[in-house]
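Worksheet for the structure shown next.
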Amino acid sequence: MQSDLSGEAKLKALLMVGLVMASKVYCEELELGFYRQTCPSAERIVRDAVEKGVAINPGMAAGLIRLHFHDCIVLGCDASILLDKTPQNPDFERDRPGNPLLRGFEIIDDAKSQLESQCPQTVSCADILAFAARDSVAIVGQFTYAVPGGRRDSLISHGAKVADNLPFPTTNIGFLKQHFEERGLSLRDMVALSGAHSIGRTACAEFSDRLFFFNGVDQNSTDPTLDPKFAAFLKEKCPLGSGFDKTADLDNVTTNRLDVQYFENLKRNLGVLSSDQALASDSLTAAIVSRYQKNRVVWMRDFAAAMVKMGKLQVLTGTQGEIRKKCHFRN
């Protein structure tokens, strides 16, 4: 029997049904609609704060998605990334290598302030991060997914653990595969989540080795897997000696749109980071990249599922941790 649903409606139905099922089997302690009784307006308040912040600065959508990833990948989704340095918390995460360009904190603070005025000590900062990432995807990607709630906030930050848990821009796809699988994420999850690099920026220092002295001798030698014209463009954006003070867009075609242009760029040797470009040539991942490049619906489905799975890594629930009054400080 032929369906009356449009293609867009079918996609939304597929995403929602699949993710509700995933929510039931992956982590029983998190629950869709977790705040329906205790703070019914919780998700709307977060969504409004995100929409306001992204309207002012579209780049904040990428910042919030990245903030959620950096929180979850380092010992779980517990809002430890938000904690400020204090005498009780001297080893905080935000000053660690790999975290200097994190942004979006003020949007989380705005949402938390409003939530505390309506539902004191009810909605965790960890849940706000998960909701904000989902709402950012809805704004710049035009698709959404269901996010269960019930996370609680860590009492400490995990600065000493950042280096061991945060993946760095490496071309070794086998290493990255193992890194993600050890954290409960599959190879397909890894490639799907990499699609978030269709928005956002990266520091010139993260890829300068591809632009200068690539052969170790000639200053102008570049990575042969980088399109020559694109390499020249990047050299203008990031002259020799550029560090974390200069940045470049990860996708120079559809900069503020979460889409499959990222995978198209990789097929054309326009990936900025070496770890991104390697996805298109490594035998472990090349077929996945090609599939996503050709089918946006498949990528959106897999990206949404991977975001939900990532959002359940090592969560604190029940009486673990706390519900912070302010996201930057423990109670």
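Heads up, the Cβ atoms here are built off N, Cα and C, so glycines get one too.
Note: TrEMBL links Cys39 through a disulfide bond to Cys119 (candidates: Cys119, Cys125, Cys204). Close to Val74 (Ca(2+) 1 binding site) in the fold, though at least 6 residues off in sequence, lie Ser80, Ile81, Glu93, His158, Lys161, Val162, Asn165, Leu166, each with a CB less than 8 Å from its CB. Same-chain residues that are not part of Asp251, Thr254, Asp259 yet have a Cβ within 8 Å of the Cβ center of the Ca(2+) 2 site turn out to be Ser198, Ile199, Val253, Thr255, Arg257, Leu258, Val260, Gln261, Tyr262. Between the C-alpha atoms of Cys119 (disulfide bond) and Thr254 (Ca(2+) 2 binding site), the distance comes to 39 Å.
Distance between Cα atoms for Cys238 (disulfide bond) and Asp71 (Ca(2+) 1 binding site): 28 Å, as a whole number. Looking only at the disulfide-bonded residues Cys39, Cys125, Cys204, Cys238, Cys327, the densest Cβ neighbourhood within 10 Å occurs at Cys125. Comparing CA positions across the recorded positions Asp71, Gly76, Asp78, Cys204, Cys327, the one lying closest to Asp251 (Ca(2+) 2 binding site) turns out to be Cys204. Asp78 (Ca(2+) 1 binding site) sits 11 Å from Cys327 (disulfide bond), taking the Cα positions as reference.
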